[in-house]
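Enquirer: As annotated in Swiss-Prot:
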type	residues	note
BINDING	His83, His182	heme b b562 binding site
BINDING	His97, His196	heme b b566 binding site
BINDING	His201	ubiquinone binding site
TRANSMEM	33-53	transmembrane segment
TRANSMEM	77-98	transmembrane segment
TRANSMEM	113-133	transmembrane segment
TRANSMEM	178-198	transmembrane segment
TRANSMEM	226-246	transmembrane segment
TRANSMEM	288-308	transmembrane segment
TRANSMEM	320-340	transmembrane segment
TRANSMEM	347-367	transmembrane segment
Amino acid sequence: MTNIRKTHPLMKIVNNSFIDLPAPSNISSWWNFGSLLGICLILQILTGLFLAMHYTSDTMTAFSSVTHICRDVNYGWLIRYLHANGASMFFICLFLHVGRGLYYGSYMFMETWNIGVLLLFTVMATAFMGYVLPWGQMSFWGATVITNLLSAIPYIGTDLVEWIWGGFSVDKATLTRFFAFHFILPFIIAALAGVHLLFLHETGSNNPSGLSSDMDKIPFHPYYTIKDILGALVLILALSSLVLFSPDLLGDPDNYIPANPLNTPPHIKPEWYFLFAYAILRSIPNKLGGVLALVFSILVLALMPLLHTSKQRSMMFRPISQCLFWLLVADLLILTWIGGQPVEHPFIMIGQLASILYFSLILILMPLASLAENNLLKW
């Protein structure tokens, strides 16, 4: 009798994706982040669902409903902080996942990569709208500043902003629609992640060497299921430590002040995971130029397959490209730091230099280094 997991229409899909899937024998812990992102998404949907049971999306009661969750709901504080810090863990895993893709040339799987870039945009949009919901000072002013960027679009900009706001300023209509979008988007993300996986399984996983692993595959279960469980335990340990010991470490104290349209905070800044893009936005004095740079700072990832000039897929055996890659990582850390600083000397200049370096590395220096490395070897 054939095993039910190989014949049942539903079980067959699960079996071919997580049990009998042929996987390269040499993929390292950098390949754990896909499963960790799946765990993060499930955690966010579950905690978000329980928060939505007690949250009210009205400007008069939103802030106090979050306070009510933390004070009066059984383990409400835990659910709220798991959700807030779960978002941070989500982005840490996302950045590491994308970094892995850049380092090992995973972007050569075009469909998988492009859906990944779309997923990144969707997750960023979801996180931004979620940050608005507690209706604290930083929620309100963050929403005002970021949505206002659309007014830089010629001709339709102002109308577009007022259409998104549902009025002439960020108000009740804005909060209600942001809550609606914030609720629906994670399910769209889950569907996109399914398509992401579908395209990945068409080609099979990449591996650290960047060479074909068709001659040396092993079954996903038990080898990589046990490895993913270890990764999940490390993630849960890190998240638990953050939530239980310093839940407000990554948050902004200003968000504990109820939103007040008449009082602007001294430094408006988004959550830490958007600071690198925010620094790039601020480094350009022109409004439209800044918005374009902001969008392109993420969209540039979609160009990676076109910018690949090396004859090798992975950076594993390319020392010059490795140096430039880690320079890019350092540059992103500098941009993150600058994004959280006030707009004054010397931070303005550092931000501008770091922004120039960011685009130069990706668009010019790394492709040139790859060409140089091609000439260093006899092919």
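A Cβ is built for glycine as well, from the same backbone N, Cα and C atoms used for every other residue.
Could you place the listed features in the three-dimensional structure?
Expert: Close to His83 (heme b b562 binding site) in the fold, though at least 6 residues off in sequence, lie Gln44, Thr47, Gly48, Leu51, each with a CB less than 8 Å from its CB.
Spatially close to His196 (heme b b566 binding site) yet at least six residues away along the chain are Thr112, Ile115, Gly116, Leu119, judged by Cβ distances under 8 angstroms. In the three-state DSSP scheme, His196 (heme b b566 binding site) falls into the helix class.
According to its DSSP assignment, His201 (ubiquinone binding site) is helical.
Outside the transmembrane segment (113-133), and at least 6 residues removed from its termini, the chain residues within Cβ reach (under 8 Å) are 48, 55, 57, 62, 66, 87, 90-91, 94, 98, 101, 106-107, 139-140, 142-143, 146, 174-175, 178-179, 181-182, 185-186, 188-189, 192-193, 195-196, 199, 270-271, 273-274, 298-299, 301-302, 304-305.
If you look at the transmembrane segment (178-198), the same-chain residues 6 or more away from its ends with a CB under 8 A from one of its CBs are 17, 37-38, 41, 44-45, 48, 52, 55, 57, 112, 115-116, 118-119, 122-123, 125-126, 129-130, 132-133, 143.
Among residues of the same chain six or more beyond the transmembrane segment (320-340), those with a C-beta under 8 A of the stretch's C-beta atoms are 99, 102-103, 269-270, 272, 274-280, 282, 310, 347, 350-351, 354-355, 357-358, 361-362, 365-366, 369-370, 372-373.
Beyond the transmembrane segment (347-367), the same-chain residues lying 6 or more positions past its ends with a Cβ under 8 Å from any Cβ of the stretch are 279-280, 282-284, 293, 296-297, 300, 303-304, 307-309, 321, 324-325, 327-328, 331-332, 334-335, 338-339, 341.
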Enquirer: May I ask for the residues of the chain that lie six or more residues beyond the transmembrane segment (226-246) and have a Cβ under 8 Å from a Cβ within it?
Expert: 29, 32-33, 35-36, 39-40, 78, 81-82, 85-86, 88-89, 93
Enquirer: So what's near the transmembrane segment (288-308) in sequence-distant terms, Cβ-Cβ under 8 Å and 6+ beyond its ends?
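Expert: Distal contacts: 98, 102, 105, 107-108, 110, 113-114, 117, 120-121, 124, 149-150, 152-154, 276-278, 280-282, 355, 358-359, 362-363, 366-367, 370.
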Enquirer: Which bits of the chain, at least 6 residues beyond where the transmembrane segment (77-98) starts or stops, bring a Cβ under 8 A of a Cβ in it?
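Expert: For the transmembrane segment (77-98), the list is 30, 33-34, 36-37, 40-41, 43-44, 47-48, 50-51, 66, 69-71, 116, 120, 123, 127, 130, 235, 238-239, 242-243, 247, 250-251, 271-273, 301.
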Enquirer: Could you tally the C-beta atoms, other than its own, that fall within 10 angstroms of the C-beta of His97 (heme b b566 binding site)?
Expert: 20
Enquirer: Using a 10 angstroms cut-off on Cβ to Cβ distances, just flag whichever of His182, His201 is the loneliest among these binding-site residues.
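Expert: Fewest other Cβ atoms within 10 Å, among the binding-site residues His182, His201, is found for His201.
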Enquirer: May I ask for the distance between His182 (heme b b562 binding site) and His97 (heme b b566 binding site), taken between their Cα atoms and rounded to an integer number of Å?
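Expert: Between the alpha carbons of His182 (heme b b562 binding site) and His97 (heme b b566 binding site) there are 23 Å.
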